[in-house]
Amino acid sequence: MARFPTSPSPNLLFRLFSSNKRSSSPTSALLSGDFQLRQFSAGSAARAAKDEKEPWWKESMDKLRNIGISAHIDSGKTTLTERVLFYTGRIHEIHEVRGRDGVGAKMDSMDLEREKGITIQSAATYCTWKDYKVNIIDTPGHVDFTIEVERALRVLDGAILVLCSVGGVQSQSITVDRQMRRYEVPRVAFINKLDRMGADPWKVLNQARAKLRHHSAAVQVPIGLEENFQGLIDLVHVKAYFFHGSSGENVVAGEIPADMDDLVAEKRRELIETVSEVDDVLAEKFLNDEPVSPAELEEAIRRATIAQKFVPVFMGSAFKNKGVQPLLDGVVSYLPSPNEVNNYALDQSKEEERVTLTGSPDGPLVALAFKLEEGRFGQLTYLRVYEGVIKKGDFIINVNTGKRIKVPRLVRMHSNDMEDIQEAHAGQIVAVFGVECASGDTFTDGTVKYTMTSMSVPEPVMSLAVKPVSKDSGGQFSKALNRFQKEDPTFRVGLDPESGQTIISGMGELHLDIYVERIRREYKVDATVGKPRVNFRETVTQRAEFDYLHKKQSGGAGQYGRVTGYVEPLPPDSKEKFEFENMIVGQAIPSGFIPAIEKGFKEAANSGSLIGHPVENIRIVLTDGASHAVDSSELAFKMAAIYAFRLCYTAARPVILEPVMLVELKVPTEFQGTVAGDINKRKGIIVGNDQEGDDSVISAHVPLNNMFGYSTSLRSMTQGKGEFTMEYKEHSAVSNEVQSQLVNAHNAGKASD
């Protein structure tokens, strides 16, 4: 979803009139503002009513913000959202994340989330801040739930990237920042936990510039740090703010401490200089050494942030109730409203031609289903409305399936609470009940055939065999698996053809553990879990020829098909995983049989002969063949392709590919040697080792197959003080020794079956 900023027009009235779709004159877009005003005063009552309506939604859109809160695990996202809801009046008391008080944070509505103190599902809410309506999505930090972040960012106009003032820029901070770039989401950064021992916001700011390549500068300076953290100085308006009251609800402006004047002057100049590098208007003032007023600086920061050329950095401590209200001011001041970003759709009636959506409620309805949930009243579908208006009782069309559906109930979400509404217009995030669809489907009112571009879904890297303990609970078990598969595109369910076991696949151990636990809690089905299996792949390393004749005569019509050609590896940078090319000149094989041959090769590549895992990064070229006037058929050629692939596969020197993970560890320096030695034992490669205070931060590439049960090992090696995160990096070839072990284990397993 591409987004580009649109700078506000100096003549708003002219722009509104010239974009009026129902204008009586086709040349109205060229008329001057003056002439338009005269036309307006002389226009009909209906025209006047129409033009009076436009400023209503225009103002309503200007006062709307759709934002997400994303960060590395345990950076304080949910705590921050809890404070935002409290200060905006959505909740009346603050509860802590781990649910120690028996309540838990509002946005962690699942029991599992409250017990584990982590966010598993993204949750949506809305609130009001100084006449602005803000839709917020709180997302998980754990890499296993990365799809929740992916689909939230797909539909948001802006985001808050939360960074820990002690941990700094961590591995998952880099991942979520990459996701924000993918969807071109303007963002502000919030350096949290300034009250913690070892807090250093300036170190974190430099890390963001180096590791995230942010063009950023602080818009605030903290007054004191750690236990002396008292308040913040706003560099734009040059004011000090202190937070009083039992929950920091009273923001009091005060004098800037005298001993901080020089630091404030230096940091404000740095802010102006950094912004002027990407904003021409401010650059002119800066180069001429003219004074910059707070309003001019604020406008320049807004322009640069919306253009994704600058990231303003806020500071505070959500847990200690300091700095949240100025961050909310920053959200409404610097992040875009829905009509300041351009969203694109693909017109299915014109060969997927890209269409810019106006983002106005006057256009045809275009809405994207970005998240599904099984609610108390059936399937709950979260929608982002990009254009037009959706009303309760309306009929809408699912463009992906062509089905016409009535909207029985329309709600606004506040975590797991709902508020019924009658209608929602462009720019809003709502949910509908009783609408059958899949994640990523587009809905319209039927006047257009637009689909929104899809989101990026990573491939699962780990599998588990699961089966219900009791045979009677099979129905509930399959119901649970179907529901979770529909809700989460990274959760896959399959059947092992050899053992007949149900195999679930996902993004990691925690991801699959959570789903097994949810099956037990939500569907009352106890399941036994087999040993985790890694999703290996196979590939070929050299070219190999094939020439196979499939001939069968058993009374009646026989089978005859001959295929000749070669198989070879694809280049390393290829985006495709399987390519088939027909290079036959003439009619050695009638063209009607070619799709059956391709299908046969694809089917054969689903299971390599080394360990039975899919074969990828291969190109199959058909150069010749032969057919029989009577005995040739699609089945004969499909079988010929399957046997030809199996025969030439060994000659192509196949290798096994295994998923390699990027592992980031944070351990006290005294355990560094032990941990590094253990990584080497697990055949890992250490690629980075930094010092952060008393801790060592080690980055390594480790095969996933050697990482099972690592959290327990790390705990015992570091007396419970070490922590690690892990995310998928790539599939790479295993060593000859490991390959022999895997092949022998696979053959032994087949023999025992």
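Backbone N, Cα and C define each Cβ position, glycine as well.
Predicted automatically and left uncurated, TrEMBL annotations should be read as such.
Feature annotation from TrEMBL assigns domain 'Tr-type G' to 62-339.
In this view, Lys77 (GTP binding site) is surrounded by 29 other Cβ atoms within 10 Å of its Cβ, with every protein chain counted. As annotated by TrEMBL, GTP binding site applies to 71-78, 138-142, 192-195.
When Cβ atoms from all protein chains are considered, those within 10 Å of Leu194 (GTP binding site) total 27, not counting its own. Summed and averaged per residue, pLDDT over the domain 'Tr-type G' (62-339) gives 84.
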